[in-house]
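Everything on this sheet refers to the single structure shown next.
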Amino acid sequence: MNLTLPMKKQKFLLIISLLILLSLLHQDYHIEAQNSDKVVNLPEQPLNPKISHFSGYVNVNQENTRSLFFWFFEALSESPSTRPLVLWLNGGPGCSSIGYGAASELGPFRVVENGTSLSFNQYSWVQEANMLFLESPVGVGFSYTNSSSDLENLNDAFVAEDAYNFMVAWFARYPQYKSRDFFIAGESYAGHYSPQLAELIYDRNKVQPKDSFINLKGFIVGNPLTDDEYDNKGILEYAWSHAVISDHLYDSAKHNCDFKSSNWSEPCNVAMNTVFTKYKEIDIYNIYAPKCISNSSSGASYLGFGVNDKSPAVKDWFKRVRWFEGYDPCYSNYAEEYFNRVDVRLSLHATTRNVARWKVCNDSILQTYHFTVSSMLPTYSKLIKAGLKIWVYSGDADGRVPVIGSRYCVEALGISVKSEWRSWFHNHQVGGRITEYEGGLTFVTVRGAGHLVPLNKPEEALALFRSFLNGQELPSSP
């Protein structure tokens, strides 16, 4: 009697059974993990519309127990299962994507004054996409590490690697989003974070196993720090052209500063320090908006850019020029009140042990951050050639990362113009200007918006975002 065939069949059936069992266990893990992340009974959450959201930690380094905190919102679209996934990053370095992006700008909930309640944001970007807000780098917001050396070694490469590891692990936890079109979005110093993460994903996709593949389609950045030379040149020219500084100060800075060099002369430092002191009476992030008057000990106290009126501290300019690119100080006060409530932290599954007090911006991150990359233009060139869709938008009332510098950066790429500079419209009014370039790059201005475009011009920001995602032209007529 030949028992060979039945034995082979038994082994085959055993293997199939084990694979099915492993698949079921894996599926159970996903369901259990997502259920544990689900946010229920968030204090002060509006009852309508019904919004499904999740929050928690993803470990990106087992050795140092380095964990990044996220807040994820499913799209409010009629078909959320078909909508893309968008990762949002705020800058600083050191500012929270939850305090700004999620709770003050484009998330579905906005913190109301004094952090006592939430209001529904009808112009939230969750109208168009599944939005994932990440507190990065480690040390920002609720994200934490058990190793102090992590905080001493932060630089752009470190941050990009952690963000990449986060996304790989997050997709393993939420596999239903793995095949979606994936975009990265952000503002300010995310002008570094976003393209660097995009580049890392692009490079890793070519060599990593299939289960680590990320379906990256492009990125969109607002008022982004891009190139030190052009950004700093733009700061000076914007301040002069918008009557913030005198002709004499402008001429002095222009004469003494070589913006191509990272080692500025003392006369240049003195001149540029003076430029920033002229902004102390107004809001540099939105020069036409009323200045928030607050005695809070939150991020609002940093608006002086570290300038000591009795001692210019010229040697500290390089840190000061990078001071938190992007916040409304009053909104940051409200966010700090809300996210330090014990009931809120418990609802969001945020640790109270590793993070004693949540801050909208962590100044120690800025002080220890190693600025090793002066220009993102080579990365832009690489990713444009790779075929990624890239949009740069700029609120034209921002004095910190002004539209002038961003225009210099885009022009320096040397890409042929596909569609000439024109106006775009929203609600029968000019929303801003737009230029399209060959290769998928688009530059858009938003009229009357400051550094935080979704906060200052929420309707226009949503229209712009919708156009970016859907590949639709912004209206060229009222």
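Each Cβ is built from the backbone N, Cα and C atoms, and glycine gets one as well.
What Swiss-Prot lists as signal peptide is 1-33.
Around the Cβ of C361 (disulfide bond), the number of neighbouring Cβ atoms within 10 Å comes to 27. Sequence annotations record features per position, and here Swiss-Prot assigns disulfide bond to C95-C361 (among others).
Around the Cβ of N114 (N-linked glycosylation site), the same chain contributes Y334, E337, each under 8 angstroms and 6 or more positions distant in sequence. Per Swiss-Prot, the feature N-linked glycosylation site maps to N114 (among others).
Positions annotated as N-linked glycosylation site by Swiss-Prot, on the basis of sequence analysis: N146 (among others). For N146 (N-linked glycosylation site), the count of additional Cβ atoms within 10 Å of its Cβ stands at 12 [all protein chains shown].
DSSP classifies S188 (active site) as coil under the three-state reduction. For S188 (among others), the entry in Swiss-Prot reads active site, with the evidence type similarity to another entry.
The disulfide bond annotation in Swiss-Prot covers C257-C268 (among others). Non-local contacts of C268 (disulfide bond) by the CB criterion (under 8 A, 6+ apart in sequence, same chain) comprise A253, N256, C257, D258.
Under the heading N-linked glycosylation site, Swiss-Prot lists N263 (among others), citing sequence analysis as support. DSSP gives N263 (N-linked glycosylation site) a coil state; it is part of no helix or strand. The local packing around N263 (N-linked glycosylation site), expressed as other Cβ atoms within 10 Å of its Cβ over all shown chains, amounts to 7.
The disulfide bond annotation in Swiss-Prot covers C292-C330 (among others). Taken residue by residue with DSSP, C292 (disulfide bond) is part of neither helix nor strand, so it is coil.
Summarising the annotation, Swiss-Prot assigns N-linked glycosylation site to N295 (among others).
Sequence-distant contacts (6 or more apart, same chain, Cβ under 8 Å) of N362 (N-linked glycosylation site) comprise G92, G94, C95, G139, V140, G141. The N-linked glycosylation site feature in Swiss-Prot is assigned to N362 (among others); the stated evidence is sequence analysis.
According to Swiss-Prot, the feature active site maps to D398 (among others), an assignment based on similarity to another entry. Neighbour list (D398 (active site), Cβ cut-off 8 Å, at least 6 residues apart, same chain): N223, I284, Y285, N286, I287, A449, G450, H451.
Under DSSP, H451 (active site) is assigned to coil, being neither helix nor strand in the three-state scheme. Cβ contacts within 10 Å of H451 (active site), excluding its own Cβ and spanning all protein chains shown: 27. Here Swiss-Prot flags H451 (among others) as active site.
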Of the recorded positions N146, S188, N263, C361, which one sits closest to C292 (disulfide bond) when you measure Cα to Cα? C361
Largest tally of Cβ atoms lying within 10 Å of a Cβ, found at which of the disulfide-bonded residues C95, C292: C95
Please state whether DSSP places N114 (N-linked glycosylation site) in a helix, a strand or coil. helix
Other CB atoms, at most 10 A from the CB of S188 (active site): 30
Express the distance between the Cα positions of N146 (N-linked glycosylation site) and N263 (N-linked glycosylation site) as a whole number of Å. 35
